[in-house]
Amino acid sequence: MDLTGLLAIVIGIAVIGLLLIVGLVGTAIGRRRTPRGGTDVVAPPAPAGTAEGAVAAPEAPAAPAAPQLDRPEGTASRLVRLRQRLAGSQSGLGRGLLALLSRDRLDEDTWEDIEDTLLTADLGVAPTQQLVERLRTRLRIEGNEAGDPRTVLREELVALVDPTMDRRLQISGADGKPGVVLVVGVNGAGKTTTVGKISRILVAQEKSVVLGAADTFRAAAVDQLATWGERVGVPVIRGAENGDPASVAFEAAKAAVDGGYDVVLVDTAGRLQNKAGLMDELGKVKRVIEKQAPVTEVLLVLDATTGQNGMIQARVFSEVVDVTGIVLTKLDGSAKGGIVVAVQRELGVPVKLVGLGEGPDDLAPFEPEAFVDALLG
Ligand SMILES: Nc1nc2c(ncn2[C@@H]2O[C@H](COP(=O)(O)OP(=O)(O)OP(=O)(O)O)[C@@H](O)[C@H]2O)c(=O)[nH]1
């Protein structure tokens, strides 16, 4: 072979090599650009336990390191921490009652003062009368046999709060389906915050969680929920602003079912101007979710500082949707712990969680005995 022939072969090999390299790089870039499919509304379901963000993220393996996720506080330690906060806001009531009951003579004026104290703490008329009646009987008639006023008051308050109610969150779905928790309540009660806080409790319990931002009427609420999700690596399904809340709820439930998640928490809008509208909306949200999986828990979020207003809201929501549990928020900012009893009586369902601050882990399971102990200081 002459020199020209050899040169031709070398150039030929070089060109083929170059073409191969260009082809490979092109394919890699093309693959990276391929969209994940689905709608632009929904963050694709990540396999349980992965740190997918709130919105569709590109799949590039060379992406910057995953964001640092929060490690939410476990239930046991938060209870210890929050008990003190509860005592801080409520112990005035307990101290007031104990001072009255410890008087040498329990005359009619004293009983009236006791009644006023209980009513001021939003206990409600019927529970107040019932408690006063029980205390009168035990302290006046049974006298010393009943025990000291503190023991008697503690026993009667615990009985009033009702330790027999089942306060566990129903988060287990049947037949391999996820548990579905619908969170309802008026705007401002702390609903979105509560959804975020519950997701942290579940993450601490190593449950895989999806959040549905079905409060599509307030863009800030959707962004707020997305931030809660991002902090613990929980995907948040969100829709267009002013879009159909039911469709977001449906997509969230679908993502949870398809992705094999343990629980889906759905935040809803709580506009109360019109009961029929609210009924239509929440009814529809529930119906479409149940095309995917049954709703296992409907939590009503109430602001403990709103007193009678809160009770009116509770009534309206319970007429619109089957409430199965109550979350009382802002109990840290109110001395009106009596609302726990009043709202349970009104709706016949237990307070399951209490909000005790603005921190991300300031939500605790409600425990009647710990609550009464905090009250008595
Ligand atoms: N002190 C205290 N503040 C709370 C508690 N729960 C919620 N908040 C605050 O209450 C305010 C309202 O909370 P959101 O979660 O935005 O209320 P929302 O009901 O979702 O209202 P929208 O977002 O408008 O739907 C926020 O500033 C929360 O930080 C609580 O238990 N204690």
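Any Cβ shown, glycine's included, is placed from N, Cα and C.
The number of other Cβ atoms within 10 Å of the Cβ belonging to LYS191 (GTP binding site), over all protein chains shown, comes to 27. The GTP binding site annotation in TrEMBL covers 185-192, 267-271, 329-332.
Marked as compositional bias 'Low complexity' by TrEMBL: 48-67.
In terms of DSSP helix, strand and coil, the domain 'SRP54-type proteins GTP-binding' (350-363) has 0 helix, 6 strand, 8 coil. The domain 'SRP54-type proteins GTP-binding' annotation in TrEMBL covers 350-363.
The region 'Disordered' annotation in TrEMBL covers 34-73.
Residues annotated as transmembrane segment in TrEMBL: 6-29.
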Same-chain residue ranges lying at least 6 outside the domain 'SRP54-type proteins GTP-binding' (350-363) that approach it to Cβ under 8 Å: 70, 72-73, 78, 82, 85-86, 162, 165-169, 190, 193-194, 196-198, 200-201, 228, 231, 299, 304, 325-332, 340, 343-344, 371
Neighbourhood of ARG271 (GTP binding site) by C-beta distance under 8 A, where only residues 6 or more apart in the same chain count: VAL186, ASN187, PHE217, GLY277, LEU278
Average model confidence [pLDDT] within the domain 'SRP54-type proteins GTP-binding' (350-363): 94
